[in-house]
């Protein structure tokens, strides 16, 4: 057998030998056909990539960063509502089981808190008096336990329902941290495609018997759910335990009458408030529907990465070729500890993450958009008498008012960027936000769009 050619300048295909046999000729032709097939496939892939880049020349790659529960998913949903309203409204029905699960988990959280078996976890002075009304509510709302299991299994594929009897279970698995002051969350793995699964389940004309049963149980329990939430003993118990369900994601206990109707269809506001936690990074494409009408649609590619400590190591892999970074810091978390580590203040952790982003040399040319989020909750906390200076001692005796506190925080984050940025030319765009306020957030998104447009035009040498 003749040796294979290793000379890079050798002609291809190689010259035909006059002594070539029929067997060698067949082998040579097959080799040439295979080489052409591979070459054509490479050409097609390259052409497709070029066309995709042409179609998305004014698109953008956006990275959402921030600790867990900073509002990243809500900002993402705001973008989808703002730029792709038709697709957003078309998916509204898919959020109904999520919203129902958010509601049911809040109810079961309260039931676990006030039931006799949970009294061993609290002091005798803080245990609730089990009068006849409370006892009846515990009994009448018991079917919601099975509804929670059913909805959890439907959305995440797991029937795990963490509660008072499962103190070590949370969204990250059976050995993750448990937070006794929060209603448990529904979580799905990245790439799980829960929306596609629910679309398949709902593609039929008739809902499944299990779906119908869940909705009927929730509807039948509506009056008792409202009675439970308004019960003064329950509210006192929550106050004693320093639990504020209103400030937690996925809170719907003040919308019970509306969302428990059997013909309920989620509103955009409901979808923004609904809570599903994704474990791991996810890529989302947001088409600009107004551009699509003109046949010139450009996509935004948004990477929503996990903010839990265990997931932050994956952030760096998305730093390459990113257009802008949107960093969210929940300013209302100044008096809260990390769920992963109760010795770490959440505001201090946000500032540490922000400093890390500002310092990273890979991001020296990437514009940073800072969203000091949940300003509405901060305002409510300060008006309720919570002293900001008690938790942020450097604030000292400044006014315990929203404007003064928000300016102080804005100055601190701005100073960190100025001090640690590897490039003096890099721009930072700060905003005070309430992500569930669609009108105010739309203004912020329009500014983000302007920043991205200028950035992408400068990268293509148009500016």
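For all residues, glycine too, the Cβ spot is worked out from N, Cα and C.
Unlike curated records, TrEMBL annotations are generated automatically.
A quick note: this is a predicted structure, and the numbers were derived from the prediction, not measured.
Summarising the annotation, TrEMBL assigns GTP binding site to 272, 273, 274, 275, 276, 277, 278, 373, 374, 375, 376, 435. Residue 278 (GTP binding site) counts 20 other C-beta atoms within 10 Å of its own C-beta, drawing on all protein chains shown.
What TrEMBL lists as Mg(2+) binding site is 278.
Sequence annotations record features per position, and here TrEMBL assigns compositional bias 'Basic and acidic residues' to 25-35 (among others).
Marked as compositional bias 'Polar residues' by TrEMBL: 152-162.
TrEMBL lists 164-175 (among others) with the feature compositional bias 'Basic and acidic residues'.
The feature region 'Disordered' is assigned by TrEMBL to 1-35 (among others).
Here TrEMBL flags 152-182 (among others) as region 'Disordered'.
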Close in space, distant in sequence - residue 274 (GTP binding site), Cβ under 8 Å, 6 or more apart: 95, 98, 99, 102, 250, 266
Max pairwise CA distance, angstrom, over record-listed GTP binders 272, 273, 274, 275, 276, 277, 278, 373, 374, 375, 376, 435: 25
